[in-house]
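Participant: Please find one structure pasted underneath; my questions will follow.
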Amino acid sequence: MDFSLLRNIISRYCVGEEIWVDSRTVYIGHKEPPPGAEAYIPQRYPDNRIVSSKYTFWNFIPKNLFEQFRRIANFYFLVIFLVQLIIDTPTSPVTSGLPLFFVITVTAIKQGYEDWLRHKADCSINECPVDVVQQGKVVRTQSHKLRVGDIVVVKEDETFPCDLILLSSSRSDGTCYVTTTSLDGESSHKTYYAIPDTMAFRTEQEVDSLHATIECEQPQPDLYKFVGRINIYKDKEEPVARPLGAENLLLRGATLKNTQHIYAVAVYTGMETKMALNYQSKSQKRSAVEKSMNAFLIVYLCILISKAVINTVLKYAWQWSPDRDEPWYNHRTEHERQRHVVIRAFTDFLAFMVLFNYIIPVSMYVTVEMQKFLGSYFISWDEEMFDEELGEGAQVNTSDLNEELGQVEYVFTDKTGTLTENNMEFIECCVDGNVYIPHAICNGQILSAASSIDMIDSSPGGYRREYEDLFFRALCLCHTVQVKEEETVDGIKRGIHQGRPTSFYISSSPDEVALVEGMKRLGYTYLRLKDNYMEILNKDDEIERFELLHVLNFDSVRRRMSVIVKSSSGKISSNTGLFIGCSSCSWLYGYLFCVLPGDYLLFCKGADSSIFPRVVSGKVEQVKARVEQNAVEGLRTLCVAYRRLSQSEYQEACHHLMEAKLALQDREQRLAQAYDIIERDFVLLGATAVEDRLQEKAADTIESLHKAGMKVWVLTGDKMETAAATCYASKLFRRTTQILELTKKRTEEQSLHDVLFELNRTVLRQRSISGLSVDCLDFGLIIDGATLSAVLKPNQEGAGHGNYREIFLEICRNCSAVLCCRMAPLQKAQIVKLIKASKEHPITLAIGDGANDVSMILEAHVGIGIMGKEGRQAARNSDYAIPKFKHLKKMLLVHGHYYYIRIAELVQYFFYKNVCFIFPQFLYQFFCGFSQQPLYDTAYLTLYNISFTSLPILLYSLVEQHVSMDTLKREPSLYRDIAKNSLLRWPVFLYWTCLGVFDAVVFFFGAYFLFDNTTFTSNGQMFGNWTFGTLIFTVLVFTVTLKLALDTHHWTWINHFVIWGSLLFYVIFSLLWGGIIWPFLNYQRMYYVFMQMLSSGPAWLSIILLITVSLLPDVIKKVLCRAMCPTATERAQSTRPCLTVEPSTIFMLSQSSSRMSF
């Protein structure tokens, strides 16, 4: 007996386990399908509640504590605290527990407050009112009560409450306009379409009468992909199936525009909406500084264990003698005598670990987090990185990588919209070998100088008028441009001409707007798309109508788009037909230009590489020559072709498209196959050229990056000639640069193996020559996507002389710049990953402005998005966002430089001051019989890292400027001084550690020898051990604070206040701590100790002398290094000293008259 069905039912309804399937069925209006149609299986879906918070009232404490103690440092200090509670340790548990409690509490409060704000935001969204159609009436309900299958009414300027399938709209053609700014940042109005069978519904009763089901894919986060179909039941007939795609899906978070209202059905709700699925955080990136810090912590942990082991061994060696085993002042109890020696040794080991554990500072983590968080505001506050046109400045999406901006070695940049403005200007079109050049037309704005049209007719012919008319019609019809006639759109007045509104064009692609406007200047005006008919105004002021049958959308793989239209109004050409013979050729060459009502036409435009292979006739060579010439000049080119379809060919094309669109599995692959079958046998019409101007100061920025030692790579999907021209214009390539080509064209002439080894020999030969010569030849490499795929293949056949990947990397290392053209988005990420994984492990930065750049932005160590015209996906997925490419210069050379030197000093200083703090404690054990006697008082142990020495280094790490901003921008080569994590290398780390050990030895033995001849106070009293420890601690606090003061180059009033205020606070605290009998203390061993020490002249002399001796070696080392082998930074400090006094950025509000450009 088969129990599988019963087991499935039990697991689904009793246990709550969902069975995962590839698709879901949505019953519109929760109506069951008619009998005999299909089985009605009610499915459970989540409600429409959005939950962005991490915690609830009940799980906040346990969950937050669990997350915090997953950090190794917090867990380590928790273990130390527990050890202090369990065994008899020399220090109070308060010394470890209080700092740990402070860190945990501050972090919990911060995270709790942030989560409370998320709860408030969730409630406001979930309780938002929504209109739902029930029983033929509109019912108002709350957003979180929506269910899959509900029919929703959305009005103009309202936000969609969940993911919806459009059923009908107030517009007669069943379309609606939507902005998706909150999803991808694109502010343009996108058009969405209702299903033809439901687009006529106008009332709630009509919509409620709909009997249909929707089959669609399970939720997935891709905003631009949706696969489904709707089955509409009409009486007892077979259900009508219609395909559903992304053009029918209205996403949660998008806003309805220029449409009074729509009716739509909910398909994804709550946390299954595409917006919610995109909440998932990006993979965590770790900076090189954080990795160095963790390595240093491991070293100090080893030092800590070594100290504990040494003291434990020496303690038992010292107590081996019977007379030292039990001193008269500390007899052991009977229980202690009976304990096993191993247990006693282990207990002592733990006690020493507790005594020395302060060498690992828990407060360092808090200080680093605060430094990163507060320091990130300097980028946002920087007025020089504010763009007036956009009305926005730089944004910081993550503060964890601030210092990584100062370590970049490779910059990977997109071309269009990043190096260029993505502001297209129509330059010319080539029709059948004839070139047409209108005056300046820039993104729909006709410049004042363009009062007439300048035609260059290189080879006029009798058929030229008909040929050019067909070309112009093709560009007027093959696009996705929208026509707007409103005087005001989103508060911006556009299209005003002589006091009355006129039409203007908007599109998600600036290229399309430039082309359609170019056709308008050449006599063909695209008017509108109305009732699925495209209307254009020809040169004779006659309106022509074409029925839009199918749109074969553009994608980055095909690199082309097509439309299938049907002529529907009169004879379009003045001639019934022409047959032209070309006397210069040995074969006949002709076209038919007569377009009659009912003719089916397929128009296609796209990259030359995707059009030319599909062309069967036309002046290919002439057009190709013009395209190549335009590409060399840096213009963006598109080729235009067409194909006349017979009735049977059109029916076959419809069959292929419908079959692919109705597929729920592999729809994209089937559509690609259908497009491939339809888009063939073209007649080439001509080509267009638009100019994408170089961004302001893009060339200066790239030149500065080169001087800073960074290698810049351009990764673009454009053709090689266009991209190369842009690289020359932006100074990526210079006229003296020797270009090495690794392209498909060359590998067709030679094998890939031979080309790679030839290029490798070239660069290696030049490198050996340049070692003997002053003049060094500059290399630039150009590679295309097809060749890159061959290079990156995991198993190359015939690669007997080595791996292609390694040879390619060796060539790239010796090139100052690399251009990768014809790149797919995935290949961009592969290039970045390849460089990241190379043996040098360089720090990489990727910058781009479009959705096709997101993959490389996420792959790079640092991702920067440009707030461009291709949407905000790049900016949303990046670590930092800037308005223009030129701002990258200051981002790296100034902010990155400052961030790195600040946090490097912070990390090294923290370890240094803790070595100074704990090493005297270690030395003290040799003089107290390894009895675990603490050298410092409990209050000093607790407050050293929290209060006495924390604020000066925090402020230093926020406002220090070792070189002025102007100097850093003027001399980019200073960036090389901090490259490759130079300030956190092992030699520098060892220097700081040795300096800390030296200072600790001076503190301890200086005080010890001064105490050797019994020191008396003025009243004859002798100093005790607590006075000895307080003297060392006083010297310690003053020395480490003054060391930071000596390292400070940029003094502000807040620096003075914090540094000298910290020292004053220590003195005042010590006077109060030892000058008052505190009732909450059982014993007060520090009573009057500090005052007694200050009353002694020798103590004052000791403090001054020991501080001077401790600071002297570091001062001498710096003076000698500056005199004998100064770095570029030290030379810049000498020539332009920046010891200036100006208001701190943090306290700008208190000094409103003084402003810093941070």
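Counting starts with 1 at the first residue shown.
Cβ coordinates are placed from backbone N, Cα and C, and glycine is handled just like the others.
Those TrEMBL annotations? Automatic predictions, nothing curated.
On a predicted model such as this, the values are computed, not experimentally measured, just so you know.
TrEMBL feature annotations, pasted as is:
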- ASP414: active site, 4-aspartylphosphate intermediate (ACT_SITE)
- ASP414, LYS415, THR416, GLU512, PHE554, LYS605, ARG636, THR716, GLY717, ASP718, ARG822, LYS828, ASN852, ASP853: ATP binding site (BINDING)
- ASP414, THR416, ASP849, ASP853: Mg(2+) binding site (BINDING)
- 42-96: domain 'P-type ATPase N-terminal' (DOMAIN)
- 129-274: domain 'P-type ATPase A' (DOMAIN)
- 875-1127: domain 'P-type ATPase C-terminal' (DOMAIN)
- 295-318: transmembrane segment (TRANSMEM)
- 349-368: transmembrane segment (TRANSMEM)
- 939-959: transmembrane segment (TRANSMEM)
- 989-1011: transmembrane segment (TRANSMEM)
- 1023-1045: transmembrane segment (TRANSMEM)
- 1057-1081: transmembrane segment (TRANSMEM)
- 1087-1112: transmembrane segment (TRANSMEM)
Participant: Within its own chain, what residues at least 6 apart in sequence put their Cβ under 8 Å from the Cβ of ASP414 (active site, 4-aspartylphosphate intermediate), listed in sequence order?
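Facilitator: ASP414 (active site, 4-aspartylphosphate intermediate) has long-range Cβ partners VAL714, LEU715, THR716, LYS828, ILE847, GLY848, ASP849, GLY850, ASN852, ASP853.
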Participant: Counting every protein chain present, what is the number of Cβ atoms, excluding its own, within 10 Å of the Cβ of ARG822 (ATP binding site)?
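Facilitator: Result for ARG822 (ATP binding site): 22 neighbouring Cβ atoms inside 10 Å.
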Participant: Would you kindly check 939-959, 1057-1081, 1087-1112 and say which stretch has the most C-beta pairs under 8 angstroms to the transmembrane segment (989-1011)?
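Facilitator: By Cβ pairs under 8 Å, 1087-1112 leads among 939-959, 1057-1081, 1087-1112.
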Participant: How many neighbouring Cβ atoms, not counting its own, are there within 10 Å of the Cβ of GLY717 (ATP binding site)?
Facilitator: 22
Participant: What are the DSSP helix, strand and coil residue counts for the domain 'P-type ATPase N-terminal' (42-96)?
Facilitator: 27 helix, 0 strand, 28 coil
Participant: What residues elsewhere in the chain lie close to the transmembrane segment (1087-1112), defined as a C-beta under 8 angstroms and at least 6 residues from its ends?
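Facilitator: Counting only partners 6 or more residues beyond its ends, the transmembrane segment (1087-1112) has Cβ contacts under 8 Å with 998-999, 1002-1003, 1006-1007, 1010, 1015-1018, 1021, 1023-1024, 1026-1027, 1030-1031, 1034-1035, 1038-1039, 1042-1043, 1046, 1070-1071, 1073-1075, 1077.
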Participant: What is the Cβ neighbour count of ASP849 (Mg(2+) binding site) at a 10 Å cut-off, with all protein chains included?
Facilitator: 30
Participant: Just checking, which of THR416, ASN852 (binding-site residues) has the fewest C-beta atoms within 10 Å of its C-beta?
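Facilitator: Lowest Cβ count within 10 Å among the binding-site residues (THR416, ASN852) is ASN852.
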Participant: Please give the average pLDDT for the domain 'P-type ATPase N-terminal' (42-96) in this predicted model.
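Facilitator: The predicted confidence over the domain 'P-type ATPase N-terminal' (42-96), as a mean pLDDT, is 81.
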Participant: Please spell out the DSSP helix, strand and coil residue counts for the domain 'P-type ATPase A' (129-274).
Facilitator: 19 helix, 68 strand, 59 coil
Participant: Let me know how many other Cβ atoms fall within 10 Å of the Cβ of ARG636 (ATP binding site).
Facilitator: 23
Participant: The record names ASP414, LYS415, THR416, GLU512, PHE554, LYS605, ARG636, THR716, GLY717, ASP718, ARG822, LYS828, ASN852, ASP853 as the residues that bind ATP; what is their largest Cα to Cα distance in Å?
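Facilitator: Result: 25 Å between the two most distant Cα atoms.
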Participant: Here are the binding-site residues: PHE554, ASP853. Which has the lowest count of other Cβ atoms within 10 Å?
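Facilitator: Among the binding-site residues PHE554, ASP853, the sparsest Cβ neighbourhood within 10 Å belongs to PHE554.
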